[in-house]
Amino acid sequence: MGEWVEQKWYPSDAPALPRRSRKAGRYLAYVPDRLDSPTPPVSRAVATRAAELESRIVELTGRHPGATRGIEGVSRFLLRSEALASSKIEGMTPGPDKVAIAELVGRDNVGGFSRTAALVASNVAVLRGLGAGDPARPLTVADIVDMHARLLDQERLTGLRTVQNWIGGSDWHPIDAAYVPPPPSEVPDLMQDLVDYLNSSIHGPLLQAGIVHAQFETIHPFVDGNGRIGRALIHEVLHRRHLLPVAMLPVSMVLGTWSREYIAGLTAYRDDGLPDRVDRWLSVFLDAVAGALDQVERLSGELAELREDWRDRIRRDRLTRGLPAEPRADAVDLRILDGLPDLPVLTAAVAAEEYGVSATAARGGLDRLADAGILRSRSVGKGIRGYFADELLDLIIIAERRLASTRFDTAVAPPRRGVPVHPDRR
C-alpha cells in the first residue's frame, strides 16, 4: 500500500513574503506503491473493456488505406490546444491556418502570422517528437527528463525536482494543499520503478498507458510541466506497444475537457482505502479513450468524404478543360492533394521541396487545385503566394471545438477552453 508521510514545513524568511504566507506546520505527502510490488490489480471487466477498445483502434488504423496518415496530419492541429498550454499562452487562440503558415518558417520566407502562432507551431513540433522514438529501446528516466527539457525550454526548471511541490492551496506552502506528492528524496526510485513498468508488458497497452499516466501524475517529479509530460507518456506507451504508430488519439484533450471526472479518478487512484482504486481511475481513462476514439472515427469519415469530393472536383475541372477525367497517377496535383492533411497550407517552394519537383511544376499543380476549388491562394509574404485548403482547416476547427465540449457538441455544452470561432460564424 502507498503511505501518507508526515512532513514539516518551515516558511521562507524572504522579506517580501506576505505575513499570511509565512505559515509553518505539518502536512501529509503521499508516497505511492511501487508498480512492481504488487502489480496494480485490474478487474476482468476493466481489462475486457480495454481489450475491446484496443480492437477498435486496430480496426480504425487498418480499415481504410492511408487513414492513419491522414489522421496523423490532422492530429497535428488538434495538438494546438496542448501546445497552447505548454507555452502558457493566454488570450486569442490562433487558428490552424496561422499555425500552418508558421510551420513553414525555415522552408520559405513566409509571414502574416503572430508570435503566438509561431510559439504554438514550435511546441507542436516538440510534442509530435515525443513518443516517436525507437520502441525497441527501453525508455529511461533520463529520456523522460530530456522530454521535459525539450518541452519546457526553461533550464532552471528542468531535471527531477529537489524540492517539495504541491497541488492547490497556497502558492507559498503545502499545508492546505489539495494534494502533496512524495518528498523529493523518494522521486528517483519512484521514477525508476515507473520506467521499469513502462518497459514491461504486464498489462495490455491501454491499461499500461492509463496506469503510467496516473502514477506519473502522482509522483509529480518535476517542478513544473508535469501535466504535459504525463499526457505525452500516454502516447509514448501506445507507440511502444505498437497500438498506434503516431499520436493520433486525442485522449489528453478529452481528459482535459472532462476535468472533474479526471481529478476524481486520480484522487481515487491515490486512495488506498478503496479496494477498486485502480479500476476507478482506469474506468475514467477508458471512458476518455472511448470518447477520443469516437471523435477520431468521426473525423476519419469526414476526411474521407472531403477527399472523395476533392477527387470529384478534379475530374469535373479536367473534363471542362477537355482533358481525361483522371490525371496520371504520379501527377503532382494528386501528390499535393493526398498530402493536404499533413500540409494544408503550402507555397510553391514548399511543395517543390516536399514532392521533389521543380518550383514551376509545383506552382502549376497548386494553381490547378485552386482552379478546381480545392485551394485558395493569397499572399503570405513579399512575392510569395500561399495556398490554403480552407475546407480542411474548417474541419479541424470543428473537430477541435467538439473535443473541447463535455458532450462533444458545443451547441449542447459550451467549450471548456479557448477554441477558434466556428467557421459558420466568421
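Cβ coordinates are placed from backbone N, Cα and C, and glycine is handled just like the others.
All TrEMBL annotations are machine predictions without curation.
Some features that TrEMBL has for this protein:
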type: DOMAIN; residues: 139-287; note: domain 'Fido'
type: ACT_SITE; residues: HIS220; note: active site
type: BINDING; residues: ASP224, GLY225, ASN226, GLY227, ARG228, ILE229, GLY230, ARG231; note: ATP binding site
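Sequence features, as recorded in TrEMBL, placed on the structure.
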residue	record	contacts (Cβ under 8 Å, 6+ apart)
HIS220	active site	ARG161, ASN165, ILE167, PRO181, ASN226
ASP224	ATP binding site	LEU152, GLN154, LEU157
ILE229	ATP binding site	ILE144, MET147, HIS148, LEU151, PHE216, PHE222
GLY230	ATP binding site	HIS213, PHE216, GLU217
As a quick check of your reading of DSSP, tell me how many residues in the domain 'Fido' (139-287) are helical, how many are strand and how many are coil. 89 helix, 2 strand, 58 coil
Mean per-residue pLDDT in the domain 'Fido' (139-287) works out to 93
Given the ATP site ASP224, GLY225, ASN226, GLY227, ARG228, ILE229, GLY230, ARG231, its other Cβ neighbours within 8 Å of the Cβ centroid, in chain order, are HIS148, LEU151, PHE222, ALA232
